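According to TrEMBL, the feature active site, proton acceptor maps to Glu361. Look at TrEMBL and you will find His360, His364, Glu383 tagged as Zn(2+) binding site. Under the heading domain 'Aminopeptidase N-like N-terminal', TrEMBL lists 71-253. Annotation comment: TrEMBL describes 288-493 as domain 'Peptidase M1 membrane alanine aminopeptidase'. Residues or ranges marked as domain 'ERAP1-like C-terminal' by TrEMBL: 607-925. Among the features that TrEMBL reports, signal peptide is placed at 1-37.
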Amino acid sequence: MSLHCLTGESFLLPVATMLVLPVVLLLLLVPCAPSSGAQLPEQPKSKEAPIATNGQPFPWDRMRLPKTVSPVHYDLTFHPNLTSLDFTGVARILLEVHEDTSAVILHTKEMHISKVLLLAPEGARPLRFLEYPRFHQLALLSDTPLIQGRRYEVQLEFAANLSDSYHGFYKGSYRTSSGEVRMLASTQFEATSARAAFPCFDEPAFKANFTIRIIREARHIAISNMPKVKAVQLPGDLFEDHFDTTVKMSTYLVAFIVSDFLSVSKTTKHGVKISVYAVPEKIDQTAFALDAAVKLLDFYDDYFDIPYPLPKQDLAAIPDFQSGAMENWGLTTYREAGLLFDPAKSSASDKLGITMVIAHELAHQWFGNLVTMEWWNDLWLNEGFAKFMEFISVDITYPELHVDDFFLGKCFEAMEVDSLSSSHPISTPVENPAQIQEMFDDVSYDKGACILNMLRDFLTPEAFEIGIIRYLKRYSYQNTVNSHLWDSLTNVSCVCVCVCVGGREFCSKSKVQSGASKWYSDDELDVRTIMESWTLQEGFPLVTVEVRGREVRLTQERYLKTDDPSLTEGFLWQIPLTYVTSASSTVHRFLLKTKTDVLYLPEEVDWVKFNVKMNGYYMVHYEGEGWSSIIKLLQHNHTALSSNDRASLINNVFQLVSVGKVRLDTALDLSLYLSRETEIMAVTQGLGELVPLYKLMEKRDMMALENQMKGYIVDLFRGLIDRQEWSDAGLVSERVLRSYLLLFACVRNHPPCLATAIELFNKWRDSDGNMSLPTDVSLAVFAVGARTPEGWDFLFEKYRSSQQTGVKSRIKSALSISPLQDKLKWCQSLHGEVMKTQDLPSVVVSISKNPRGYKLAWDFLRANWHALIKKFDLGSHSIAHLVTGVTGQYSTREMLDEVRSFFDSLTEETGSEMRCIQQTYETIEENIRWMDTHLPLLQAWLNRHKPLQRMDGHLPE
């Protein structure tokens, strides 16, 4: 599943801003006014003896299902009614009995079970059943035991309302250009919502085959995981569509849609039919996604050396959809903004984001669908791999998109969460649905992808590819834990890397030396031991480097934003260090396995840079004169380091200020070189570190210092901003950077930017919105236009009437960053009459970054809390994004007390135990510490660096 992230496709620079330092873009959008999983803990039991809804004892007291019985095959029939907005169904489940039992325990949620039968050759007989809603469980009770080794079939008849939320079997709607509202019904079962659509064993390890039938009206179509094999006409102008039986898979991957969608299709070179479905008026926006899906599925088919096992792959653009996309096997589902592309109206970032989302979901057809984690504690085996494979696949299939320019941002995002004591290991025990939902976060996705990238760099791409193919082939149609992956890669590194990759004999028992470096000593390479230090403990290491002549002293500790040093104790990683020096651009390697170690350089050097291209998931601090030498290098020859190296230095030095390792003036001194920077990752990271400094001030009464900081940043990037063209020309990374810089410049009142944006907006408005604006700069134009009541109203009407998802996304962003406070309330509605409710979390967070709107956002969150957690699901990424996004820039004890007061008033059922609340407390406390400690230094430094004079092209000394 793709998260609809901090800046997902529905706002800011649409879709692909999730790839370009999302945190930064949110910060910019303000108005011009200022265990390997093999061993899980004992399952928690119900605190009291469970009592069924009828008052009788329930025969099972644990949240996880017993393993006495497992499903083999489901035969499912659904009849949704899109007028009454409910559905009925029949489930026939073939069961295999592993232990004698008189009770079959399975899942059901918020549905009415009307009849349960045990089907046997001698005839059907009714079964008694009990319901235990607290654990979403249903017990089928037999008067005679079911015998081990035998198979039985049960039949259940059920009914429920189509859900008002975005999970289960839920209702949706869209408005045509003529204003007609049309209904549809679609599914979203990951992680624990298949049970809300049909009775089932709703845990990923209970894989089975599914045969699905759907009864529909003639005006609708039905699609599901497998191709339709026939349609049977029924009385009352109804049809029953029969779908082929699926491969063996988990319940969360089942999917079906009833709608009036149209489709376009092509066939891959391997013979798989690809179809893209959308509402009729948007079917002309599907061509790009169709071509991308064909190309990417063919790539994965070849890369994994495992044929895609289904005859078709559908991609459906759903008008109402909470997450970014979902990998249902054979029927992937997406937000409209994640799939629909209009070459005349969509931006470069739209194209980049759509390609990446499709790549993510199609990677899941192997990682997640073919091979599935045993339990949700190892969700990262699905999501970390899919996130990682996005970049591998798109880099090869769409080299012109230059996705390497954006991978680093995912690691920075993960580190932001992972630097808090409330973080969690990549593999961490979870039990209840809210805990499972919380696993869909930056740690599972982005940290997972980043440690896989580190491992690939460590083993070499060739060995890594062989290892993951072995893993997929060995465990096809099965469930896995962490150790299965590590064992597959360890075998490869020992058997193949030694033989095939010269120069690095990873499994040699002697020391491996390469110049001054070594990967490791001791016995053969143990991938499992190395990687469990990254997956079974939270956080990440800070490596301190001290150079004394030829000697390099290394120390590792946990990087943690805290004022309690004891929380950093007891952590140890096996870190694949890489470094380059002033004397050698060759990448040297060293496996740091202990708290401290020493390596020796062949000669003394002027500077050393560790974590080359930031392929490793760790930060680096340079003791002594280390930072001074790096600052000197950046000032005089910054291109001696790659853009990723420069971006990582910017990130690390400012993050080290937060933990007291580096003085703020040192970090600011380093930032001075940015006046010469042109590469997207380094520029966006520079803004990502500098902008938060004034964002904290905007929530306080310190206008003078705030404006001084804003002036410094604009002046720093003035040369690069003024060189930007107001067009769609250039490489994708250049176009995305242009969008980013011009938006920033206009929001910050840079006169040349304002003049051009106002001129373009007026021409666009005079043409009634028909003039073609350069798509990559349209958000900057709209943002300036939304500053006046007349411009805001015009944009609002265009938002209401537009059928172009990219245009709507950019207009929505502009409306939410307007300085017109009275206009900001329009989008804080749960009714979805103009703005889709799915977009509410991201828009509320955008308003919370707005100095004119942050109080509105906080008040809205508190007033609508119970409605929000019902609509978006407790523990979901949407709720976590709301909580952390709305409160993340508070920096006063008064606001901390107010935030605590609200969240402390919640119960466990309404979210008091959610991890995002602890993250919020920690973030505000860190903001308070930062402001208390560093404001005087910031003021003094800015006073010394008045607007930079750069007429001669040189930096000030």
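Cβ atoms are placed via backbone N, Cα and C, with glycine included.
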Fewest other Cβ within 10 angstroms of its own Cβ, chosen from the binding-site residues His360, His364: His364
Output field, Zn(2+) shell: CB within 8 Å of site CB centroid, site His360, His364, Glu383 dropped: Met1, Ser2, Glu327, Glu361, Ala363, Phe367, Gly368, Asn382, Phe385, Ala386, Lys387, Met389, Glu390, Tyr445
Nonlocal neighbours by CB distance (under 8 Å) for Glu383 (Zn(2+) binding site), same chain, sequence gap 6 or more: Met1, Gly368, Phe440, Ser444, Tyr445, Gly448
Confidence summary for the domain 'ERAP1-like C-terminal' (607-925), mean pLDDT rounded: 93
Spatial neighbours of the residue listed as 'active site, proton acceptor' that are distant in sequence (at least 6 apart) but have CB under 8 A: Ser2, Leu315, Ala325, Met326, Glu327, Thr332, Tyr334, Ala386
